[in-house]
There are 2 protein chains.
Amino acid sequence: MLNLPQLKNQQLWLCALTHRSYVNEHLEIKEHNERLEFLGDAVLAFVAGEFLYQRYPHLSEAQLSRLRARLVDETQLAKFAVQLGIGQLMRLGKGAIKDGGRENPALLSDTFEAIIGAYFLDAGIDAVREFVRPLFQSVADILMVAQSEILTSEKLLDPKNRFQQWTLANFTQNPEYVIIEESGPDHAKEFTAQVKVQGIVYGIGRGRRKQEATKTAAEAALKKIGLF
Amino acid sequence: MLNLPQLKNQQLWLCALTHRSYVNEHLEIKEHNERLEFLGDAVLAFVAGEFLYQRYPHLSEAQLSRLRARLVDETQLAKFAVQLGIGQLMRLGKGAIKDGGRENPALLSDTFEAIIGAYFLDAGIDAVREFVRPLFQSVADILMVAQSEILTSEKLLDPKNRFQQWTLANFTQNPEYVIIEESGPDHAKEFTAQVKVQGIVYGIGRGRRKQEATKTAAEAALKKIGLF
């Protein structure tokens with residue numbers, strides 16, 4: 001099990017662990033952890049962004065954004081919280097405990113964020129960075145590979161991509177898509193697209209949008225050459 | 001006009017100003033500002049969150065989140081960019097300039113983020129904080145007041161809120177809502193709600209959802225007492 005940070009300010013630490021449902025049942029306690037959660041969310045967005053920017057110098061902005069979203073989403077933060085044993089430390093109301101609150105991903109993730117917010121107030125951004133980086137390092141590469149595999153398989157399945165691969169391999173040319181017809185009223189248009197290679201029509205397709213029509217044309221072309 | 005930060009690293013500065021459309025037209029230039037934009041977005045999320053957390057100790061997490069979304073959205077960042085004269089500095093392709101790119105909020109906002117990312121790499125988080133805080137200070141209170149006015153007027157218009165105000169004023173009691181009937185199949189349920197004060201029914205309402213049914217019941221109650 002990984003270690004939680006040690007805060008100098010014990011009150012702040014307790015506040016980070018305190019869920020709203022606990023405050024409702026304990027009149028002497030005034031503050032729950034939601035504001036710290038807000039702060040921790042902002043701190044994590046930054047540390048995650050900085051970490052990914054440095055670790056993956058060749059990824060595009062879009063790839064980095066997708067990766068950051070995964071690295072600090074509820075699912076992932078709840079996993080970190082479990083690794084750190086946060087479930088047993090959360091101060092929850094009796095009802096929340098009965099409803100399985102200690103294993104609830106939303107509560108675990110929120111409390112993790114609140115702890116990050118509290119640690120930031122207690123020890124500053126460098127301390128948070130040092131605490132969080134090993135967690136990020138333990139999953140970033142796995143998330144990145146998983147993501148590129150999804151993207152690759154999507155690309156492989158896309159008929160326009162597949163037909164392009166074939167034309168490049170056979171003609172060292174890209175296929176050419178042309179919208180040859182538009183029909184119907186504005187709210188129910190239909191487009192007809194043609195895909196040509198070296199001036200020869202390989203497929204025709206129809207669709208409600210231009211993109212759909214060209215995709216259907218590519219499918220027709222793949223059928224014609226026996227690849228669909 | 002406010003002053004832009006001075007970067008030690010001039011190459012980084014130029015990169016922050018360079019839009020993808022400029023790179024497409026200048027083969028000798030390899031890098032556009034999109035990765036810096038990703039980094040700047042993360043830095044801004046953090047500095048804005050920290051700023052709001054400190055400035056408004058009495059706002060809830062939900063209020064802070066809404067405010068942060070407004071403080072660093074495209075509209076607001078584009079306004080900062082205009083104040084800083086970024087429009088004329090952006091390195092855009094000819095087509096983008098012709099299409100009004102120098103006044104385009106999306107381009108202005110993206111470039112502002114890229115400058116923040118570059119300045120962070122050049123001078124660190126404290127320097128960014130010092131640069132950005134006066135900008136945030138200049139608009140935060142206005143955004144907060146605007147937001148609370150919207151929320152107040154929404155609350156005033158909501159029939160359940162209005163009926164509650166009346167019952168509190170006249171009986172120092174909250175109205176009580178009860179779902180008295182559920183009918184129809186799962187995909188087309190209808191709910192019937194009753195609203196009572198001190199055991200007396202003031203209104204009945206129906207709706208596809210419980211919330212809708214209680215709202216309709218509150219409207220009926222307001223009609224009964226002549227406030228709708």
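Including glycine, each Cβ sits where the backbone N, Cα and C put it.
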Which one of A:Glu34, A:Glu37, A:Glu181, A:Glu182 goes with A:Asp110, A:Glu113 at the Mg(2+) site, as TrEMBL has it?
A:Glu37
With 8 Å as the upper Cβ-Cβ limit, not reached, which of the recorded positions A:Glu37, A:Asp41, A:Asp110, A:Glu113 neighbour chain B?
A:Glu37, A:Asp41
Overall pLDDT for the domain 'RNase III' (A:1-124), taken as the rounded mean:
95
Other than A:Glu37, A:Asp110, A:Glu113, the chain contributes near Mg(2+) (Cβ within 8 Å of their centroid) the residues A:Asn33, A:Glu34, A:Leu36, A:Phe38, A:Gly40, A:Asp41, A:Ser109, A:Thr111, A:Phe112, A:Ala114, A:Gly117
I'd like the number of other C-beta atoms within 10 A of the C-beta of A:Glu37 (Mg(2+) binding site), please.
24
How big is the Cα-to-Cα gap, in Å, between A:Asp110 (Mg(2+) binding site) and A:Asp41 (active site)?
9
